[in-house]
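The active site, proton acceptor annotation in TrEMBL covers H200. Residues or ranges marked as NAD(+) binding site by TrEMBL: G31, A32, S33, G34, G35, I36, G37, D57, N117, I140, S141, N142, M251. Among the features that TrEMBL reports, substrate binding site is placed at R104, R110, N142, R176. The annotation domain 'Lactate/malate dehydrogenase N-terminal' is assigned in TrEMBL to 26-168. Here TrEMBL flags 170-334 as domain 'Lactate/malate dehydrogenase C-terminal'.
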Amino acid sequence: MLSALARPAGAAFRRSFSTSAQNNAKVAVLGASGGIGQPLSLLLKNSPLVSRLTLYDIAHTPGVAADLSHIETRATVKGYLGPEQLPDCLKGCDVVVIPAGVPRKPGMTRDDLFNTNATIVATLTAACAQHCPEAMICIISNPVNSTIPITAEVFKKHGVYNPNKIFGVTTLDIVRAHAFVAELKDLDPARVNVPVIGGHAGKTIIPLISQCTPKVEFPQDQLTTLTGRIQEAGTEVVKAKAGAGSATLSMAYAGARFVFSLVDAMNGKEGVVECSFVKSQETDCPYFSTPLLLGKKGIEKNLGIGKVSPFEEKMIAEAIPELKASIKKGEEFVKNMK
């Protein structure tokens with residue numbers, strides 16, 4: 001059932017930009033001048049689903065907005081600069097995407113970003129809670145395993161928390177799984193579907209290759225290597241860029257793919273499924289990524305983990321303590337905020 005349902009979301013975007021009857025999404029990008037923010041804004045501007053694009057950052061947004069505004073697609077683009085302009089950027093938004101923060105450098109884990117990015121995410125999501133409390137919030141800023149609990153706690157503080165509208169964007173893990181499986185099996189990546197569950201860092205990233213469609217088989221050593229590559233693919237890019245940043249272009253693609261799926265579902269398209277790190281009762285972790293059926297109001301149904309192999313079962317068990325610690329760290333951060 002799941003694999004049949006899970007086809008549309010990614011595949012439609014991978015083949016072409018999807019369109020819909022109500023192509024009027026108002027989308028804000030917070031951190032729009034950065035390495036992810038700029039290509040993400042370009043992809044959003046290129047989509048017929050978006051009618052208004054508002055770009056926020058603490059530097060360069062007027063220039064980025066001016067540049068994008070010359071593109072011959074109908075989305076209007078406006079840049080907002082600095083905290084005093086943030087409320088205007090957010091008013092009336094349907095979807096807010098947050099790639100703001102500092103990227104990883106060689107030798108850093110996603111958790112090393114915590115102190116800087118936790119403050120940035122808490123500040124930006126507090127503004128969202130005040131100025132667009134009904135919007136879908138899509139968090140890209142790492143460490144996602146902590147920034148999603150931070151977002152939830154901030155929304156609770158403002159009395160506007162809705163767990164069905166807060167998403168940790170793990171889509172890059174899924175995109176990578178598709179690319180790597182397709183490469184090994186000589187398949188068209190647009191036809192591959194692999195759920196990736198758990199979290200968005202190292203061993204918390206759990207690709208369910210046993211649920212792949214089309215069905216694929218790997219010897220255990222190759223499966224272990226493939227899984228490790230998906231888990232550490234971010235580090236692969238950080239190393240290759242040799243200090244010049246982390247995965248920005250593939251992350252922008254994945255972020256756009258998730259936003260388009262969400263907007264399609266908000267527009268009434270049925271059967272849209274994406275994995276995302278959200279409030280969850282699927283395990284004893286309060287937040288966990290699984291395939292989600294998206295709808296007009298965000299999460300329509302959590303499709304759960306499904307049937308897994310013993311190898312995957314073991315990975316889930318090993319991921320949970322790390323996930324719980326990252327979640328607790330995020331929650332404590334908000335509790336201790338002045």
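Glycine residues also receive a Cβ, built from the backbone N, Cα and C atoms like all the rest.
What TrEMBL says about a protein is an automatic prediction, not a curated fact.
The model shown is predicted, which means the values in this text are computed figures rather than measured ones.
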Problem set entry | Cα-Cα distance linking N142 (substrate binding site) and N117 (NAD(+) binding site), given in Å to the nearest integer | 7
Seminar exercise, completed: Filtered by Cβ under 8 Å and at least 6 apart in sequence, the residues in the chain of S141 (NAD(+) binding site) near it are G31, I98, P99, A100, G101, N117, I120, V121, T147
Exercise. How far is it from N142 (substrate binding site) to H200 (active site, proton acceptor), counting Cα to Cα, in Å?
Worked result: 8
For this session: Within 10 Å of the Cβ of M251 (NAD(+) binding site), how many other Cβ atoms can you find? Include all protein chains, please.
Result: 24
Seminar exercise, completed: The correct DSSP tally for the domain 'Lactate/malate dehydrogenase N-terminal' (26-168) reads 65 helix, 30 strand, 48 coil
For this session: Let me know the most crowded of the recorded positions, choosing from R104, R110, R176, H200 and counting other Cβ atoms within 10 Å.
Result: H200
Problem set entry | C-beta crowding around G31 (NAD(+) binding site), within 10 angstroms | 26
